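Asker: Pasting a structure here, questions to come.
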Amino acid sequence: MQTQPQQTIIGTLSPVAIFFFLVFIAVTLGITYWAARRTKNAAQFYAAGGGITGLQNGLALAGDYMSAASFLGIAGLVSTKGYDGLIYSVGWLVGWPIVMFLISEPLRNLGKYTFSDVVAFRLRQKPIKTAAAIGSLVTVLFYLTAQMVGAGTLIKLMFNLPYESALFIVGALMIAYVLFGGMLATTWVQIIKAVLLLGGATLLVVLAMSQFGFSYGRLFSEASTKYTGAFLEPGGLITKPLDAFSLGLALMFGTAGLPHILMRFYTVPDAREARKSVFYATGFIGYFYILTVTIGFGAAVLVGRDFITKIDAGGNMAALALAEHIGGGMFLGFLAAVAFATILAVVAGLTLAGASALSHDLYVGVFRHGEANEKEEMKVAKAATVTLGIVAVLLGLLFQRQNVAFMVGLAFAVASSANFPALLMSITWKRFTTTGAVASIYTGLLIAVILIVLSPTVYEDVFQATQVKARTSAAATLTKLDKYSKDPAKTLATLKPKAEALAVAVNTPGATGRIHEANVKELAGLQADIALIEGNRLADALLAAKAAKTKADGEVTKAPFPMKNPGVFSMGGAFLVGILLSLFKREKDAEAKFEAEKVRTYVGIGAEGASSH
Amino acid sequence: MPPKSVHELLEDPEFQKLARQKNAITLTLTVVELVLYFGFIALIAYNKAFLAQKVSEGSAITLGIPIAVGVIVLSWVLTGIYIFWANNKYDAMVKNVKARMGR
């Protein structure tokens, strides 16, 4: 189909991208300046004074949730793996109805600034706030590390900016937003980012679909022609049902335990606006995933899987490659800037949530027994913001060369196991006790962290990264040689023209950059393969590959915990321990206060009107 | 006799009705959402062939595609159903209970 060799400017610092990015920074810093003058007390800092509307908060929730990793990552997954990417994207939405039905209204009615306010409503403040703050911080830090490493890597990939500089820019901007503008500035950064991302993705989908006459039938029929029908069928994503169920639990209930999401419910005036905001957020996020999946399929057909994986082996540049393919450098620059803005907004939201856990829960709630004045709390909150921002940059530097994909999974596992069970039981169960809550939080946290460390994702892929890589490449070589030896003559007939075409691309004057390098590598591999077949050394090579595979397999120590997702055990354990310990010893005081809690949960009498502070 | 204290309110049949109805609707919707998603996951785990069949003769679209998109859309519709009930019925009941308490 393609007559001339495909090229890309992805990975160069394009003036268009810089222009759009500078405009975004100017606007958001302007908003921060405006918000700073309206952020004088704790209620304004943590909750934007409770003056955000349902629609605004819905957009901001969507902005908090739609990360660059999910935008670029899911589009990439769909473009390389087809239907499996779609399955994956569904899991990211289904937690939102749960947030609405079980959490949003009671949370708004019972709490003040953080979800630990709710858990501690009728239980003993100090142990609960300590445990809940630790649960929040662990969730936030894992999520933040994943986002920071993702930010550095993506920015390097998109603009060829050094990893460290990218982290410093992100760190400085997010600290500025939160430190000076508090929740009000953070909310507006989220809203702008959500509008840009939804708008940019919509435009990309419209442009891509115009090439298929706006017919999904044609898009899928071309995808199926290009990559066989299996591209549109479930593949290898779900092979172990219990593992898949476990992941589903973490995604569904983890969303309802993410501190930066829960915190957003205090920015609206009442429970009615809180529930409205979830309705909007669910709609926006669902729409966004449908767009992202369309982008993935569109990129697979229009740009091609081979080309996408040449830019980045993980496929993360699929959406940007599609933008460049149909809209040129201008559209690519715009979308890259949007992706950058997306990263910034998400880390700002996380920083604010982490700072609140440090200042509102730990400092005021535990250290000062809940008796700090406004001025003191603000001071501590701001110090916590700067600390957390610096920690985030350091974590990003520390984990630079690590595979951090597991950290988002870990954040959801901790959120669903440490935060969610205690939160739900404290709202709904009269007999729930302080001991039960504290034990539930620590149990969920520990089981989630320990099992993930002992799972293949960390125990093999992280701790034994080199050996796993050797194992993967040995397996790939074996599969390849196995296929070759079935019909060497036919293989030769397909390899040779491919090598010739590549040689033309490689020897084109002025060919440089990422694609060129990938082509050079592929050509060398093809030439070696051709020499192997022509020299009749295929049988020997196959034997050697089998031996290498056995050896590589033997060098990886198998993970003690066979599942990738601990949700069943960590969430189950947290509920079980919470229930058993609460039943074991009653807490009369907490039971007595349940009446008031119940009335407040259902009708909101006595709820904190954050705006009246 | 209108309820005056928190304790009396909990005994109030109007309040009890409100709490009962809310629990019923939120629980039902939560269970529907769980069945929807985990049913989808179970289909992938146990019956890939069902999802792999084409929606119609000559079409490339597999049944799995509209089902996956359907889970997303229905999840949103469920939040819509809840909000429709809450805005129209629940808020009125809350207002009524609050008014009876003189708030």
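Placed from the backbone N, Cα and C atoms, the Cβ positions cover glycine too.
Found this in TrEMBL, in case it helps:
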type: TRANSMEM; residues: A:12-36; note: transmembrane segment
type: TRANSMEM; residues: A:57-79; note: transmembrane segment
type: TRANSMEM; residues: A:131-155; note: transmembrane segment
type: TRANSMEM; residues: A:167-188; note: transmembrane segment
type: TRANSMEM; residues: A:195-214; note: transmembrane segment
type: TRANSMEM; residues: A:244-266; note: transmembrane segment
type: TRANSMEM; residues: A:278-303; note: transmembrane segment
type: TRANSMEM; residues: A:330-359; note: transmembrane segment
type: TRANSMEM; residues: A:380-399; note: transmembrane segment
type: TRANSMEM; residues: A:405-425; note: transmembrane segment
type: TRANSMEM; residues: A:437-459; note: transmembrane segment
type: TRANSMEM; residues: A:567-584; note: transmembrane segment
Asker: So which of A:12-36, A:278-303, A:405-425, A:567-584 has the most C-beta pairs under 8 Å when paired with the transmembrane segment (A:330-359)?
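Answerer: It is A:12-36, which has the most Cβ pairs under 8 Å.
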Asker: Counting only residues 6+ away from its ends, which parts of the chain sit with a Cβ under 8 Å from the transmembrane segment (A:278-303)?
Answerer: 6, 54-55, 57-59, 61-62, 65-66, 70-71, 74-80, 82, 85-86, 89-90, 92-93, 96-97, 99-100, 104, 194, 197-198, 201-202, 204-205, 208-209, 211-212, 216, 219-220, 222-223, 226-227, 231, 318-319, 321-322, 325-326
Asker: Between the transmembrane segment (A:12-36) and the transmembrane segment (A:405-425), do 3 or more CB pairs sit under 8 angstroms, pairs being 6 or more residues apart?
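Answerer: Counting Cβ pairs under 8 Å, fewer than 3, so no.
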Asker: What residues in the same chain, six or more past the boundaries of the transmembrane segment (A:380-399), come closer than 8 Å to it by Cβ-Cβ distance?
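Answerer: Sequence-remote neighbours of the transmembrane segment (A:380-399) are 42, 45-46, 141, 144-145, 148-149, 151-152, 164, 167-168, 170-171, 174-175, 178-179, 347, 350-352, 354-356, 358-360, 363-364, 372.
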Asker: Among the recorded stretches A:57-79, A:167-188, A:244-266, which has the greatest number of Cβ pairs closer than 8 Å to the transmembrane segment (A:12-36)?
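Answerer: The stretch with the most close Cβ contacts to the transmembrane segment (A:12-36) is A:167-188.
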Asker: Mind checking which residues of the chain, 6+ beyond the ends of the transmembrane segment (A:437-459), have their Cβ under 8 Å from one of its Cβ atoms?
Answerer: 119, 123, 127-128, 131-132, 134-135, 138, 405-406, 409-410, 413-414, 416-419, 421-422, 425-426, 557-567, 569-571, 573-575, 577-578, 581-582
